[in-house]
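So the structure is just underneath, and the comments pick up after that.
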């Protein structure tokens, strides 16, 4: 018997059975307990969801921006009222500590919906005078039906981040959460319906990558917003273009540098480094896993990092005192352990962790100890490739030019950060780093107002911020002639 029972699809304002006849299981990564059986969508189900979204979108788009704004604000209220309930589900599904999901996942998702609810009425066109008797005006119109494909590390937050600008601009969305963490997207669908979003405007189809491919290639989808790995993102982008030249937003992986200069406050720097590597058990795309430290302070910095790692409270995610939980799945655990073994084999010095935790209740979960490697080189696998787990690599440097060149020597470009008391150097360095999200003397905050996205192979487009809303609209130009029309023939 599962905890949450059979989970169906959400189409047209309510739950419906999938026609595939197939289900998949989702498990609690802390205990191995079966959480739910989830129905997998078929091609017919995807077609049904898209058709429902088209119908709902027509109604949604005819509402005034103020009406849409009020409905979205009601959804925000419901999310906040149910924060504890949703956080409990998210903790069971992802393995994140309850203190984290209570404070971050639903809160930040609701903040983004509230932000775009406020911007819905600010969508406007331009008037361009041509001559005394003629002018052009532009309209920003919704795209139509968009597809959202979520990642497993922030299920409800990602669903909120993708739906908020889409719905605020008058679009509908068919959303596919990760099959690893599929539960809370359905709860968001319930909330949108209860808030007054018309049936079909937000549909949820469940399944593996084949369902994502059906959405990406669907001729009636106007845009795809995807969060996930680089290689999968390339496939999504290729299929989106080949099928119908869809617009895309890609939030992909990272191998982000954190640069600690010789004048840094070492306590602040160590706090930032530990947060940038071990928050959410290291399963954050923006993690600063390449920690470059000036040679003159490397030993002192490393000691402060290790002191903080010892204070990490690994435990049951449902315990309020826990601040470090399991990895999301057995597959992710195996992947991370493989990287750790690679680091050892290539000569990195293991300073902390490096093992799976199996004592007591840890034995039934996907736990790996917070891991720190020293004496790392740029050519090591643990330094070059995204691990998506709690593995910090410490590298030393001597000069500003050197560390900037090394930090940029990657095909990733999602995030970067510097720690220094010299603000001139901080800004100078940040301006030269090839990354879309940067932090000075802090790490990790992504408020609704801040555009999020990467350079290079870390993504295309942005989420959050004013600019994102524009990418869920298309511009129509209209010329108006008030004077006499002069025929050509």
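If you go along the chain as it appears here, the first residue is 1 and each next one adds 1.
Cβ from N, Cα, C; glycine included.
NAD(+) binding, as stated in Swiss-Prot, involves 150, 151, 152, 176, 177, 178, 179, 229, 230, 231, 232, 253, 386; the candidate among 285, 376 given for that site is 285. Per Swiss-Prot, the candidate among 23, 26, 31, 249 that belongs to the K(+) 1 site alongside 93, 180 is 26. Taking the C-alpha positions, the distance from residue 232 (NAD(+) binding site) to residue 180 (K(+) 1 binding site) comes to 16 Å. For the binding-site residues 230, 245, the greatest number of Cβ atoms within 10 Å around a candidate Cβ is found at 230. In this structure, the recorded positions 162, 456 were compared by how many other Cβ atoms lie within 10 Å of their Cβ, and the smallest count belongs to 456. In this structure, the binding-site residues under consideration are 26, 232, and the one with the smallest number of other Cβ atoms within 10 Å of its Cβ is 232. Of the recorded residues, residue 251 (active site, proton acceptor) and residue 459 (K(+) 2 binding site) place their C-alpha atoms 5 Å from one another. Around residue 179 (NAD(+) binding site), taking its Cβ as the centre, 18 other Cβ atoms fall within 10 Å, counting all chains.
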